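Below is one structure; the comments refer to it alone.
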Amino acid sequence: MDILSHIALGLQVAGSPGNLFYCLIGVLLGTIIGVLPGIGPTATVAMLLPITFSLSPEAALIMLAGIYYGSAYGGSTTAILINLPGEASASVTTLDGYQMALKGRPGAALSVAAVGSFVAGCVATLLIAMFAVPLTRIALDFGPAEYFSLIILGLVSSVTLAHGSIAKALAMILLGLLLGTVGTDIYAGVPRFTFGFYELAEGLSIVPLAVGLFGVAEILRNLGLPMGNDVDAIKVTSLFPNRSEARASVKPILRGTVIGSLLGVLPGGGALLSSFASYTIEKKLSKHPEMFGNGAIEGVAGPESANNAGAQTSFIPMLTLGIPSNGVMALMIGALMIQGIQPGPNVVNTNPELFWGLIVSMWIGNLMLVVLNLPLVGLWVKMLSVPYKVLFPSIMVFSAIGAYTVSFNSFDVYAITAFGLGGYILIRLGCEPVPLLLGFVLGPLLEENLRRATIMSQGNLSIFVNSPISAGLIVAAAIMLAVVALPYFSRKREEVFVED
Amino acid sequence: MTLNTNNLFTGAIFVAIGAFAALWAVMDMQVGSALRMGPGYFPVIIGVGLVFFGIVVALQGGEHTDFAMKGLPWRGIILISLAPILFGATVRGFGLVPATILATVSAAYASKGMTLFFAVVLALCLATFCTLVFVYGLGLSLPVVGLWLWG
């Protein structure tokens, strides 16, 4: 079968010593930033993006992907041992994981989380390998009108599944689209919104934008909060779950994997929503729901599997359609473009070694994470004693170096400050930064397809509803918006995202 | 329905940016028509959309909460903002090491109770680390110590 030769190709690429090394670096860095609160995968990937200039495309994406799913592992470690989710996607794990730790079962919680994540990672990798090619085939038939509508659907659904005010999120998308128009217009060759700065001729750079929004704005937010550094981690004695714990975990792991794999594909879904949904479902299905919140192992096994599966399958729309579903995927698109690869359905044909190498590397990376994480858990917890006053100046310096090395231009470094301040103000006012980043990345693509479609239809805007596929995508986007606007659903939506 | 200060303020920001962008696009670029879209067509649509959603945000009611722009951590904001500016202004002329030291010290003083000793030690450590990793490890062509300091 085709899929076997694809996986063999992937193994060959991902198994090369160089790429194994970058995979290891990626998952190690991911674990570290997963453990450390105050720095997330989006900011880290943004800081490291310029460094990947000098790597091969395969090594670059393998490393950046490792950071993303590695951070989910690291986040759950601190969630279980000190009741502090290193990443948002692990916040559900604190509910039962920490309770288990208090009851003397921290090792069982950690190993169930790790094994669940690994199972989920394997299944999700297989799913990507199976569905990626058929999906790209569909997308290859897309004309500009269909592509335009697909991007609209992607943007709209990223909003409806995110939390917070929808109107604000839509405004943030538009702001991102607007920032994406800065630079030279591709058709007419005239400058737009450059205000005389020659540095803007090629558009705003994604590195200072992402570093400012996700790194600097987060630092500013944390400075306003009281920061305690006393960490009381629970000692881990035995890592093995007992027989009844193991048996109770099997089904939640499998269910979590399915839920995560499905939700991960949706834009805006990914790891966070998957873990919340899995927790809710496990609690509903449980024969003893009163145990949830008091150390139910199902409440660790399900969400931890779900968030890892979701993290993996969120690569599907990015790899096959060129549509990012979250902030990290948006940066991956940026990484591809830096490498001179046009993201979209053609990647699988033009760069099969990149495509399959990346997919197989995720499986290898998951294996590395299990092997590394469980025995080294003590080391990761020690990472937490790094005080914040050391951490944030370091983030600032790495961000500055990263932005500078994009094009060895100080303008990009100053842009960090501008985006950091702007982002901080907007976040303080309750606006999420992710929709802005998605809008920024997809903006040029959206405009290009809009213009190509209208040229083809000779200015007739009905082309977007005359094509059945395009019409279907637009209708889907409209339904999503309408549903979220209904009072019943918006109340439910708030319930799902109540974090504690 | 009661208006909420935060939403009014947020909406006003969006309206201002959107209106500015749309007007600028109309004046500075060719807008064109749906048949032949000029460079300004898309920005005008986006700008108008931003004005619309800005108004929607502003009119959103909500429970009265404290104005989010009150009690900003000014010291942190200024010192953190200064760090990239110092780095950007000095990295070419003074080189990576001095630029890193300046940026680190500025950012470090954003946390209360910072001591000069701690800031300097942290700056030296970071400068060493960054030089080893970025210049010697990754081979980025950054000057370690720049021309201005060589005289």
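Residue numbers in this text run from 1 along the chain shown.
Every residue gets a Cβ built from N, Cα and C, even glycine.
These numbers come from a predicted model, not from an experiment.
Copied from TrEMBL, the annotated features are:
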TRANSMEM  A:19-39  transmembrane segment
DOMAIN    A:20-438  domain 'DUF112'
TRANSMEM  A:108-133  transmembrane segment
TRANSMEM  A:145-163  transmembrane segment
TRANSMEM  A:169-188  transmembrane segment
TRANSMEM  A:258-281  transmembrane segment
TRANSMEM  A:321-342  transmembrane segment
TRANSMEM  A:354-381  transmembrane segment
TRANSMEM  A:388-407  transmembrane segment
TRANSMEM  A:413-442  transmembrane segment
TRANSMEM  A:463-489  transmembrane segment
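Within the same chain, the transmembrane segment (A:463-489) stays apart from the transmembrane segment (A:19-39): fewer than three Cβ pairs sit under 8 Å, each pair at least 6 residues apart. Same-chain residues lying 6+ beyond the ends of the transmembrane segment (A:19-39) with a Cβ under 8 Å from its Cβ atoms: 13, 48, 55, 58-60, 62-78, 84-87, 90, 215, 218-219, 222, 357, 361, 364-365, 368-369, 372-373, 380-381, 383-384, 386, 388, 391-392, 395.
Counted over residue pairs separated by six or more positions, the transmembrane segment (A:354-381) shares at least 3 Cβ pairs under 8 angstroms with the transmembrane segment (A:108-133), which defines the two as touching. Using the rule of three or more Cβ pairs under 8 Å, pairs at least 6 apart in sequence, the transmembrane segment (A:145-163) is in contact with the transmembrane segment (A:413-442). When Cβ-Cβ distances below 8 Å are used as the criterion, the transmembrane segment (A:321-342) is approached by residues 41-42, 45-46, 49, 52-53, 57, 60-61, 64-65, 68, 135-136, 139, 150-151, 154, 158, 206-207, 210, 214, 264-270, 314-315, 350-351, 354, 433-434, 437-438, 440-442, 445 of the same chain, each at least six residues removed from its ends.
Sequence-distant neighbours of the transmembrane segment (A:413-442) (same chain, 6+ residues past either end, Cβ-Cβ under 8 Å): 42, 151, 154-155, 158-159, 162-165, 168-177, 179-180, 204-206, 208-217, 219-221, 267-268, 323-324, 326-327, 330-331, 333-334, 399-400, 403-404.
Long-range Cβ contacts of the transmembrane segment (A:108-133) within its own chain (Cβ-Cβ under 8 Å, at least 6 residues beyond either end) map to 2-3, 6-7, 10, 69, 72-73, 76-77, 80-81, 93, 96-97, 100-101, 236, 238-242, 245-246, 249, 252-254, 256-257, 260-261, 264, 297, 300-302, 304-309, 312-313, 315-316, 319-320, 348, 355-356, 359-360, 362-363, 366-367, 369-370, 373-374, 377. Residues 72, 87-93, 95, 120, 123-124, 127, 153-155, 157-162, 252, 292, 299, 302-314, 316-317, 323-326, 434, 438, 496-497 of the same chain sit 6 or more residues outside the transmembrane segment (A:258-281) yet have a Cβ under 8 Å from a Cβ within it. In the predicted model, the domain 'DUF112' (A:20-438) shows an average pLDDT of 86.
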